[in-house]
Number of protein chains: 2
Amino acid sequence: MQLKVQPIDVKVGKYKVILNTIDAKELGVNEGDRVRIRDHETLTAIVDFTEDMISPGMIGLYHEVKEALNKEWTETVEVFPAEKPKSTYIIRKTMDGQKLTKEEIDILVKDIVEENLAEIEIAAFLTATYINDMTDDETEWLTRAMIASGDTLDFETHPIMDKHSIGGVPGNKISLLIVPIVAANGLLIPKTSSRAITGAGGTADLMEILAPVEFDAAEIKRMTEEVGGVLVWGGATNIAPADDKLIKVEYPLSIDPHCQMLASIMAKKGAIGADHVVMDIPTGPGTKIKNVQEGRKLARDLINLGDRLGMDVDCALTYGASPVGRTIGPALEVIEALKVLESFEGPNSLIEKSASLAGMLLEMGNVAGKDKGYDLAIETLKNGKALAKFKEIIKIQGGNPDVTHKDISVGEFTEDIIAPNNGYILEMDNKRLVQIARLAGAPNDKGAGLLLHKKHGEPLKEGETMMTIYAEKKSKLETAAKSAKERTPFIVEGMMLERIQSFKEI
Amino acid sequence: MQLKVQPIDVKVGKYKVILNTIDAKELGVNEGDRVRIRDHETLTAIVDFTEDMISPGMIGLYHEVKEALNKEWTETVEVFPAEKPKSTYIIRKTMDGQKLTKEEIDILVKDIVEENLAEIEIAAFLTATYINDMTDDETEWLTRAMIASGDTLDFETHPIMDKHSIGGVPGNKISLLIVPIVAANGLLIPKTSSRAITGAGGTADLMEILAPVEFDAAEIKRMTEEVGGVLVWGGATNIAPADDKLIKVEYPLSIDPHCQMLASIMAKKGAIGADHVVMDIPTGPGTKIKNVQEGRKLARDLINLGDRLGMDVDCALTYGASPVGRTIGPALEVIEALKVLESFEGPNSLIEKSASLAGMLLEMGNVAGKDKGYDLAIETLKNGKALAKFKEIIKIQGGNPDVTHKDISVGEFTEDIIAPNNGYILEMDNKRLVQIARLAGAPNDKGAGLLLHKKHGEPLKEGETMMTIYAEKKSKLETAAKSAKERTPFIVEGMMLERIQSFKEI
């Protein structure tokens, strides 16, 4: 069928076109079907219907199709019904509980990366794998396909070290310490990190305060070879791009299918050529991993998948019921990390966790003897080598290496949250802390966040400050403070929540 | 946050807005989250992101939101992050294999009908119910919620009769005979039908040749009370509208979850107030129901659900491996049905199937004694009462009651498909027949379709015509004929498909 072009300057992230219902019926296609558009080039697009937006005889081309075809208003294209892509049958197989072959997974990942699938098709795939899970073989093939779908780093020097934290615990700024400790001891650690989606600050959000974090794979390789480590944003690279497309659909569904999580984590490690990886698995209420049993299962699965991919994976179940350190939010976290590097001054939880995980990597990389890694990590912090290395990393990424914690500015608007009575802190609600930090503006407002004066298990006197909220905007401070007072993130023993009197006593 | 309005005149069938990434980050919302827009009215919309389509400080309003708010270019609206609707947590429950309560199903169906859910959320729900199914309680509640979500018919006179065919068998024009037979015997049968989505012609596509088929619930009731029956398009009514929204997502996923199919069928029967329903379950290769065991299970489930809803359901497993009658495609099927009504002339398969099912309804409605329904149905065809009633139905729907089969025009372009050798027809491929009819233009071109000269089990001589393809457009005839010759829908015994010689014999 010959149809005249009507450009629709809306980006939909897919090849999509709109047909008038009359033409669609004539073509014999339904909404959600594909059409092939023949021009000098041939392109397959998903069909939307309209009864009035596009006149009969016209075809509405969304931005991506318009760009690909490069046709002007009322120029003519030839349109045919097209077969569904093979991936739709592959997705159907996962829905029917059938196992996929390596070839099928390769086709599926290719179609995901090339935006050939509608979001509802990806949603069906994710839901099916969430419910039916995947075998170890399928998960391995999925990981390999994700690695192959993007850029990879091939270092001449080995071993390559890496570290990953499963999300869920706020204030987890440990990569800012681990990467310099490991690199300072002569190992290569090209660390890609994420920005916060639902959190108050990802490592990339933090590092960005000190230096640019957006680099491509070749730049990451070059910088790592030069100074031993980097701290960059994975989202700016084309490393394992399938993962980003899947997350875009997982996020609104609030699911993270187990096999996808494994594949997603390990694909990023595989793509940078990691030989030795330490996994930080924060465990406890308010984290992704509710208890030690679940943590152990995840650890086994990660180790097993690593083994299949030729990667040496060690896992650390870490305490996740409280934040790491005493700060939440980009600038406050950077200050806390810099203080440890500059003067070995800071909360035990931060220093111990960072040194433990860095120590594991030092042992795996054979620069520390068995059980000597932790001590070497502490030593590397104390003797200033980690700070010196961090300055090199900041410099090579284009930041100012002379920066100190005093140069980092925090939000000018603050409010203290006061203890209403005596007691000690029985529980901290990680999710509430993150919520309040986000209301204050984190991670977008770098200076927004929380400074925790008191933590889990500590005693508290009436009138003492429990935490300080920082914000860059007055209105956000007010919203955050109001929320913190209405529903506190601290459970303090001895705090009477409410008193309900019987009628008799009135 | 105050944002200026930028209308985007694209209909997306949902409340959706586009934010610049900068504003979205400032608001703390991610793609797929909801925002609340406060104006004189308050509205919740799903957020898309853009980096360049909408400038910072603006909010792109898709057609539906623009209509609802009625704001002009650069007027200001106030935007807040909004909670996810409850339905998203309910969908998550189905994904986790948990059972839903009646209240949860009511909320979910309401959100589906009111377009509050993104398509990926509906896709996740359908995939989860496809895999995990629903309990009998859940299916009943779903059906009741679907009935309550739209218009219902409340007749003063009872009983109300209805009939439904599970899809998959081509040429199934039996409703054109059953409705007049049943109504001619004094029973009320307000039959809503579908248009073909993937088939070559639904009952509504056929009836439309004889009379208008688009009426609302009140008109259907009035016409049925007047002449006893109607044959209308369900899609024009607001009867069980949730179903249409679900089908829009099921179609591209090529799934029809068992519980959804049950609820969808029975909701339409419940909403028109049916007391007695006959279910036609075509069984065999090429239909939805592959074998008798599957057919019996479906029958039991339909009867059980009917019982819970206070409906008397009888099921007929019917032969589905070949088309019903000898025609496929709207005009050809109407001609075939009219000939039976006018002069009791036509294929046994059509007359027998129609009279059997009509007979069941006559018995259920107590106008025929036990085992006397079939004979009464045949009698009603032979004595012209069914024809007379059909004319009344055509007339009340606004068609010409004097129409005869000779007035129905078929496609002017025809091509005969010839038997390549002697044999007899071992198998007919329903899906291929539909495919060829669709290539010829059916159901959109009413005159397009197939006339089958030979059917399953019949002998065939070389050079005899097996079928004739009809088309309204020459190019479509050519495409259909080419396809029919390349891959025949008939398996003829004695036909050598190919001969592969060994090297030795050369």
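These residue numbers are counts, starting from 1, taken along the chain as shown.
Note that Cβ sites are derived from N, Cα and C of the backbone, with glycine treated the same way.
Curation plays no part in TrEMBL annotations; they are all automatic predictions.
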Given TrEMBL lists A:G168, A:S194, A:R195, A:A196, A:I197, A:T198, A:G199, A:T203, A:S264 for AMP, the same-site residue among A:K288, A:K290, A:K297: A:K288
Binding residues A:G168, A:S194, A:R195, A:A196, A:I197, A:T198, A:G199, A:T203, A:S264, A:K288 (AMP) - maximum C-alpha distance in whole Å: 18
Secondary structure composition of the domain 'Pyrimidine nucleoside phosphorylase C-terminal' (A:424-491) [DSSP: H/G/I, E/B, coil]: 23 helix, 20 strand, 25 coil
Rounded Cα-Cα span from A:D256 (active site, proton donor) to A:G168 (AMP binding site), Å: 13
Spatial neighbours of A:D256 (active site, proton donor) that are distant in sequence (at least 6 apart) but have CB under 8 A: A:E250, A:K288
Short-range recorded positions relative to chain B, from A:G168, A:R195, A:I197, A:D256, A:S264, with Cβ separation under 8 Å: A:I197
Binding-site residues compared (A:G168, A:R195, A:I197, A:G199, A:S264) - the one with the fewest other Cβ atoms within 10 Å: A:I197
